[in-house]
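See below for the structure under consideration.
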Amino acid sequence: CQKNKYPDSALGPPDTCALLPPPPAAASVAFASAAAASMSGPAAETPSAIQICRIMRPDDANVAGNVHGGTIPKMIEEAGAIISTRHCNSQNGERCVAALARVERTNFLSPLCIGELAHVSAEITYTSKHSVEVQVNVMSENILTGTKKLTNKATLWYVPLSLKNVDKVLEVPPVVYSRQEQEEEGRKRYEAQKLERMETKWRNGDIVQPVQNPEPNTVSYSQSSLIHLVGPSDCTLHSFVHGGVTMKLMDKVAGIVAAHHCKTNIVTASVDAINFHKIRKGCVITISGRMTFTSNKSMEIEVLVDADPVVDNSQKRYRAASAFFTYVSLSQEGKSLPVPQLVPENEDEKKRFEEGKGRYLQMKAKR
């Protein structure tokens, strides 16, 4: 992004990270309404909306100067975890931490640049007996001009896990909806995502194998893997990996695959729905990415996350998450470039290419 240069490079971006504090109890409903003035959501006895603000620094960006796609989902998940955990502990009872269970498809509507302020607004929009739906919007603000724009919208689902027993899912305090239709619409979304999670194919036996001397524009040529040891800084109070950490690593690998394939500046356009399985501290996770489909101006990359509990011999390696990332190639001026066409080399790759083409046509029809 060419607009990320500071007028005074000696100053650079201020070191700022702000979370709006919770309001007094008497003002909680007013706070929820004010923080979500552009959204119609439930009213509850505890604040149903929060906003996190953070300035984008150089270490948030990729080599081309754009804010790394994985940074944004990580901020989105942090906001969702805060508001969900706060809500689930709003009543007297067993203390818990809200764990990320699923992220719906996320679209990257506009890029964020270094020096811009990211406003991440999270609102609870539905609760079932054991889960919380959180809607998150991300707005970017140019602090020099005051210009704002919507960059991301996402829907996340959390479940409250007991601090005493991590395998125990607690009940979620209900919220009071301002309109009956809101609860009905939320229930439909809940049932739809529940059905989709049950139908998800994890492809447990499907792994990415390295190939010697691959040809350009093939799947093997651009495929990449990253191995990461899960440490305390990656984890929640339960010693399980933050969903945002996993998403950031997934996007990093997908970006490497896209850059290998195009040899240009690339940016994340969208991320398919992701279902999460628990990853404990001390696990070694392998994040693998491979190209599955290319259109004229976009690329689909499949990312697989496998967890290996090396300190626990009783558990075998398992598939912890998988998702499809869509990337686009950009010129130095920020204009979209043609994408080199993928060359499938075997029947499995041809099958994945046709499946990717189907997903691409389906999303194109929705637009």
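From the backbone N, Cα and C atoms, a Cβ is placed for every residue, glycine too.
Residues or ranges marked as active site by TrEMBL: Asn62 (among others).
Per TrEMBL, active site is recorded for Asp251 (among others). Residues near Asp251 (active site) in space but far in sequence (CB under 8 A, at least 6 apart, same chain), listed by position: His68, Gly69, Gly70, Pro73, Thr268, Val271, Phe325.
Within its own chain, the compositional bias 'Basic and acidic residues' (348-358) is flanked in space by residues 219, 292-293, 300, 302, 324, 342, which lie at least six positions past its ends and keep a Cβ under 8 Å from the stretch. What TrEMBL records for 348-358 is compositional bias 'Basic and acidic residues'.
Within the domain 'HotDog ACOT-type' (46-164), the DSSP-based counts of helix, strand and coil residues read 21 helix, 58 strand, 40 coil. The feature domain 'HotDog ACOT-type' is assigned by TrEMBL to 46-164 (among others).
Residues or ranges marked as domain 'HotDog ACOT-type' in TrEMBL: 220-333 (among others).
The region 'Disordered' annotation in TrEMBL covers 338-367.
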Within the chain of Asn62 (active site), which residues six or more apart in sequence place their C-beta under 8 angstroms from its C-beta?
His68, Gly255
Three-state composition of the domain 'HotDog ACOT-type' (220-333), taking helix and strand from DSSP:
26 helix, 53 strand, 35 coil
